[in-house]
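Peer 1: Feature list, courtesy of TrEMBL:
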- 88-363: domain 'Sugar phosphate transporter' (DOMAIN)
- 51-79: region 'Disordered' (REGION)
- 115-135: transmembrane segment (TRANSMEM)
- 147-165: transmembrane segment (TRANSMEM)
- 171-192: transmembrane segment (TRANSMEM)
- 201-221: transmembrane segment (TRANSMEM)
- 227-244: transmembrane segment (TRANSMEM)
- 265-285: transmembrane segment (TRANSMEM)
- 300-323: transmembrane segment (TRANSMEM)
- 330-350: transmembrane segment (TRANSMEM)
- 356-373: transmembrane segment (TRANSMEM)
Amino acid sequence: MSDFKLDLVIGEDFPAPGFRPEKGETISGAAVSKIFSVNSAGRRAISDGFHRGNGADSDSVGHPNDGNGKREHGSGKKSGPLISGTAYCISSCGMILLNKIVLSTYNFNAGISLMFYQNLISCLIVAALSFCGVVSVEKLNWKLVRVWIPVNVVFVGMLVSGMYSLKYINIAMVTILKNGTNIITAIGELYIFRKHQNQKVWTAMFLMIISAISGGITDLSFDSMGYTWQIMNCFLTASYSLTLRKVMDKAKQFTRSGSLNEISMVLLNNLLCLPFGIILILVFGEWEYIITTDVIKLPMFWVVATASGLLGLAISFTSMWFLHQTGPTTYSLVGSLNKIPISFAGLVLFKVPLSLPNFFSILFGLFAGIFFARAKMS
């Protein structure tokens with residue numbers, strides 16, 4: 001996948017399945033780059049309010065004298081956010097780390113093929129869940145597909161560029177550089193939707209620019225190819241978030257229910273990625289590499305590649321679950337804080353050469369990301 005979910009692509013950066021911006025608004029760049037082959041968008045406040053409204057208060061009214069029932073409900077309410085938040089963080093961190101292992105540790109030089117495999121896994125699982133009646137999926141039709149294809153082209157570019165940037169750059173620097181997506185998205189919102197940000201947001205974005213520049217200058221493992229891919233990824237991710245709202249509104253007109261739920265968008269995005277993936281594999285000659293490489297003969301390679309795809313899909317469900325248990329404010333802040341363990345795990349597990357200035361640049365960038373999330377909340 002993708003926040004895919006990576007997410008791809010860094011899971012925290014793809015649009016949260018529980019978030020649906022209001023008309024005229026867009027999904028922030030930080031939210032977009034996540035779930036990666038799923039990611040798409042969702043609905044926050046309404047579903048959050050619904051779940052809260054059917055919580056302890058209503059239960060207390062119905063059973064005023066049932067002390068044990070209250071205690072059990074209160075215990076579940078307290079543990080729900082912790083369990084769902086832990087699941088969301090684990091799936092997000094795990095997907096990024098496993099993708100890095102596949103691309104760098106196994107030196108797998110076919111990022112498009114990996115994307116295709118993860119998209120296929122997502123399609124099969126969602127189709128199986130729909131067949132069993134576990135999830136509800138809108139019936140696809142040609143008009144809906146035709147409307148969604150343009151944004152899916154951008155989505156594929158976002159996933160591919162995210163894969164290749166992750167291959168050449170260490171995870172910590174990818175996390176810091178992806179902050180650039182927020183800046184591009186904010187500028188796009190200003191000129192396209194006339195949406196103005198407050199002073200704190202612009203200050204946070206200025207800090208992001210400083211951290212990205214200082215991080216690149218002090219990066220001992222600097223790779224021009226990787227940085228080029230990441231810059232492309234920032235622009236593509238921002239473009240995806242800026243165009244998604246309009247496409248979603250138009251796509252709803254061609255569905256039977258008049259809406260397009262998160263699971264349907266997961267299936268639609270991943271399903272449309274498959275033909276584009278095949279074309280890109282043929283154009284870039286990856287099929288020749290796949291045929292001749294020895295790495296695909298290793299059972300553990302397939303275990304890791306499959307696990308990364310499963311975790312990419314898991315981000316969609318765990319982020320939706322976590323959002324329903326908490327709310328958009330907590331979700332956004334945890335997403336920013338989650339970049340800290342991802343970055344440090346990447347530095348330690350992959351033995352990244354690190355200088356003291358680069359280390360402080362990474363810390364500064366992580367702080368800027370958290371400050372940005374807090375500023376957006378205000």
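Every residue number used here counts from 1 along the chain in the order it is shown.
Quick reminder: no glycine exception, Cβ is built from N, Cα and C everywhere.
Any idea what these are sitting next to in the structure?
Peer 2: Taking the domain 'Sugar phosphate transporter' (88-363) as a whole, pLDDT averages 88 in the prediction.
Through the fold, the transmembrane segment (171-192) approaches residues 10, 13, 25-26, 28-30, 32-33, 96-97, 100, 165, 201-202, 205, 208-209, 211-212, 215-216, 219, 227, 230-231, 233-235, 237-239, 241-242, 339, 342-347, 350, 352, 361-362, 365-366, 368-369, 372 of its own chain, all at least 6 residues removed from its boundaries and within a Cβ separation under 8 Å.
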Peer 1: So are the transmembrane segment (300-323) and the transmembrane segment (115-135) touching or not, going by 3+ C-beta pairs under 8 A with a sequence gap of 6 or more?
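Peer 2: Judged by the Cβ rule, the two regions touch, with the required three close pairs present.
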